[in-house]
Ligand code: SF4
Ligand code: SF4
Ligand SMILES: [Zn+2]
């Protein structure tokens, strides 16, 4: 691969938007998919109910607990991979599972909401809910709930609760070409554009390519075929929105590592095959 | 639904933590659009989760199951 460039277009607590130049679409798409399916995070995988007299069944509560993102930045370096934990009993291994607990009850006239913040870490204070105010269940008078939850590393391929990214997209960048000799400044394209990417300023048709969504409405409506919209050949935008489990830039780094290791694996398998054939 | 979902059914974005604020603000008379914009709920898959949700847990919450 020749020269390439990466530019950070947007970055905050939740989202990172990167502009790549000179990186093939296939590689970016592999990154995008690795971010969704292969970068591991911690999520609750087993719930042992000691008590539940709430109006929600055990299964519903367990499912809700699973969907709560758990902080995983430190856990990634600490816990064993999902593949290594297949046959491990949750109660027994601190290398595979983090133990959390939830206990709550209500008085005779009390109605109380139980939140993700009430799910307390037992074995690892770093593995805790990324958000504190997700309601888990509402307890009515004289109801109680007590449970142990065990979280482990997992991947989005197994269940989407482990996916660190809620959005992971690669998009094109628009290229708007206006043939000035054909354009009669009728303004029909400006009128139809849903993103205000076109404007007649003075006596030229101005384009704002970063706003364009390549819907090509302008092309269809132009009476003189003066405008054409395509995408840039060599530039793409990768957008990743984090579930809260990992910092968004960490998701990109981890995805990159995973794609690289998959390529290494492919290469070593190929080498084996080639060697075998040479030997006959 | 009985209780507001933890995540958007379509994109998986976490929405559960924003429900209470949304309900309280809308009850104060603000428009749903305004509150959703303030909360940073951009996609219409997530927005419909808020707009279409009917919280039923209060209808049930006073009945305990026999254990
Ligand atoms: S392709 Fe769509 S968004 Fe882009 S300039 Fe034309 S009408 Fe506007
Ligand atoms: S519709 Fe065509 S002719 Fe009219 S202003 Fe747009 S590009 Fe020019
Ligand atoms: Zn959504």
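Each position is counted from 1, following the chain as shown.
Using the three backbone atoms N, Cα and C, a Cβ is placed for every residue, glycine included.
Here's what TrEMBL has on this protein:
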BINDING   B:8, B:11, B:45, B:46  Zn(2+) binding site
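Features as recorded by TrEMBL, highlighted on the structure.
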residue: B:8; record: Zn(2+) binding site; Cβ within 10 Å: 20
residue: B:11; record: Zn(2+) binding site; Cβ within 10 Å: 14
residue: B:45; record: Zn(2+) binding site; Cβ within 10 Å: 15
residue: B:46; record: Zn(2+) binding site; Cβ within 10 Å: 24
Of all listed binding-site residues, namely B:11, B:45, B:46, those lying near chain A with CB under 8 A: B:11
Secondary-structure category, per DSSP, in which residue B:46 (Zn(2+) binding site) falls: helix
